[in-house]
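Q: Okay, handing you the structure first.
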Number of protein chains: 2
Amino acid sequence: MIEDKNQQRTDLGQLGEFGLIEHLTKNIEIKQPSTLTGIGDDAAVLDFKDKKTVVSTDLLIEGVHFDLAYVPLKHLGYKAVVVNVSDICAMNAKPTQITVSIAVSNRFPVEALEELYEGIKLGAKVYDVDIVGGDTTSSQKGMILSITAIGEADAEEIVYRNGANDNDLLVLTGDVGSAYMGLQVLEREKEVFKVNPNSQPDLDAYTYLIERQLKPEARKDVKELLKALEIKPTSMIDVSDGLSSEIIHLCKNSGVGCNLYEEKIPLDPEFINVCEEFNIDSTTVAINGGEDYELLFTIKQDDYDKLKGNPNFTVIGHMTKESEGIHLITRANTKIQLKARGWNALSNENNEQ
Amino acid sequence: MIEDKNQQRTDLGQLGEFGLIEHLTKNIEIKQPSTLTGIGDDAAVLDFKDKKTVVSTDLLIEGVHFDLAYVPLKHLGYKAVVVNVSDICAMNAKPTQITVSIAVSNRFPVEALEELYEGIKLGAKVYDVDIVGGDTTSSQKGMILSITAIGEADAEEIVYRNGANDNDLLVLTGDVGSAYMGLQVLEREKEVFKVNPNSQPDLDAYTYLIERQLKPEARKDVKELLKALEIKPTSMIDVSDGLSSEIIHLCKNSGVGCNLYEEKIPLDPEFINVCEEFNIDSTTVAINGGEDYELLFTIKQDDYDKLKGNPNFTVIGHMTKESEGIHLITRANTKIQLKARGWNALSNENNEQ
């Protein structure tokens, strides 16, 4: 998209650092009552009154976390907000503010940053968070995004990773694996495009998967859903690195084991079809593929009736004693030890030039 | 330093992403009463009770903001903390927490990250801030640091950029220009080293300047100093991009003009000597050189007696009506309009490969 020579192209140097920040952030509104001052001073000033403050941060690097060959900049901006908001949701807190730092090489014109910022602003609007600060600078290579998300919660609402107990039920929102298969579809299209730049991809059969990859949503709704059901999870985490990896996090932090049931893992029909098309085992992808941004949590057995049959939630297993280990129970009723094979940025890095 | 082949060298891939974060953050202690939970969950949980929360963020990129040819990694880590803490100090708030995100290419061994983290931990210790979160990932090229600093203050203590009035006095802590000249000295040594790798630099005459560049300190003491003097500044900013640029920020945000007096600008004797050696005008460097991390603020004329003769503070000018503009009054009593010629990362960026 930014390769289109017909589009307007304004060099970053024309605006300068201060000019660029001003240009990108000029229409940003403040809506959260907890935001006293946003962009424009040395720091933002926030007021959480008697609420606790929740803070999380993420760094996204071109070529490591995203590939601009198939990720439109607006989607990238949106997703960067979602990824961070998801961490706040995983504490059972309400996201309220974000800060946004961007570094780009001079390969990018001002228009590309505007596009990126459009996505960031849209994400901020959809998730009702204020953009209260940030930094814009140059990079030696590619695009770098660093977002910090801030949220608020009453002390008694906050859910940590360490509260799961033996016999608690393991619950997942939505379905898993689709974001990973969406990435496989996009990477295949990129290879086709390299061979024949005039090919017109027909992606109708992959709409859901591609949307899960390019425009995931954070489960901001879950806090309210659980509140309405009068359920407080005993532990919670978001599924960013893969179900398997997140289950291990919950178990290790809580000092428990887990049985995950293969037959219970919620999969989308489109996902199952595409796994067949790619000749990949759907369970392997469902437990190891990342970037689903669903929430994974544990509840007391007593709360089961409150949540039973609710389309937002699926019970996929139960916690055990730590000594029993962490296992997948297959459809054939065999026990396989779960390993953290989630997405690992450091093992597949590129060689530096 | 990291080129030394005799040193231990552990590939990043050996530890993996989770292993690396755990390894680097394992001994981090929590000291601030406002930190309820630090590293290890989806987000940190903080409690500022009736205080306001202050948040600032900065992105530092190798080759743009620092050059590892002459910045030891430990110093870099320390400085990254200082730069962010300085923004919190510039709000007249007390820094309390930081989050640290690091991206590195596989050029860096684990030992290099340990060195960097040593500096970050030292900075956190010296400034009494808790490291409560972060992210560690790979980059396509070089090292990237993103730090978010969080602080607290009573509502009535916070000082913004927009409160300066006509006739207020302009006050600076410490001296300016030395960090910039320290960089010039280091860059000269780098060039000498390229020509003759066996040259032994004699940097005794430049100790102060080099320290100002490599190990600057944030003026965390100023909040207490001003409180003891019963002075509340009307506006405040930290001097990161150069005095001239920061004065313009204060003026624009407050809707005032300013007269800055050349003869009043505090310069260190070593700085003056080195400017002569480099044949550079010291005033030009003092007003345009960045990275001093001193605080620049305005006070009511009535407060002058409280601060007069205090070695921490120098009155360097006064605010005027906006219509009078922003000027440097030279020793020869001529008026020169101040321009924001501060350090501009976007105008001197490198070409991407």
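Here the Cβ of each residue, glycine as well, is placed from N, Cα and C on the backbone.
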Q: Of the candidates A:ASP221, A:ASP238, A:ASP241, A:ASP268, which one does TrEMBL list alongside A:ASP42, A:ASP87 as binding Mg(2+) 3?
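A: Mg(2+) 3 site check in TrEMBL: besides A:ASP42, A:ASP87, the record includes A:ASP238 out of A:ASP221, A:ASP238, A:ASP241, A:ASP268.
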Q: Taking only the Cα atoms, work out how far A:ASP42 (Mg(2+) 3 binding site) lies from A:GLY134 (ATP binding site), in Å, as a whole number.
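A: A Cα-Cα distance of 10 Å.
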Q: Is A:ASP238 (Mg(2+) 3 binding site) helix, strand or coil when read with DSSP?
A: strand
Q: Including all protein chains displayed, how many Cβ atoms other than that of A:GLU291 (substrate binding site) lie within 10 Å of its Cβ?
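A: That number is 24.
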Q: Do the binding-site residues A:ASP42, A:THR57, A:ASP135, A:SER240 include any whose Cβ comes within less than 8 Å of a Cβ in chain B, and which?
A: A:ASP42, A:THR57, A:ASP135
Q: Using Cα-Cα distances with a 10 Å cut-off, which of the binding-site residues A:HIS65, A:GLY134, A:ASP238 are near A:THR57 (Mg(2+) 1 binding site)?
A: none
Q: Under a three-state reading of DSSP, tell me whether A:THR57 (Mg(2+) 1 binding site) is helix, strand or coil.
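A: Note: A:THR57 (Mg(2+) 1 binding site) is in a strand by DSSP.
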Q: Under a three-state reading of DSSP, tell me whether A:ASP135 (Mg(2+) 1 binding site) is helix, strand or coil.
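A: Strand, per DSSP.
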Q: Since the record lists A:ASP87, A:ASP241 as binding-site residues, which of them has the fewest other Cβ atoms within 10 Å of its Cβ?
A: A:ASP241
Q: Sequence order is fine: just name those binding-site residues in A:SER56, A:HIS65, A:ASP135 with a Cα within 10 angstroms of A:SER240 (ATP binding site).
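A: Of everything listed, nothing lies within 10 Å of A:SER240 (ATP binding site) (Cα to Cα).
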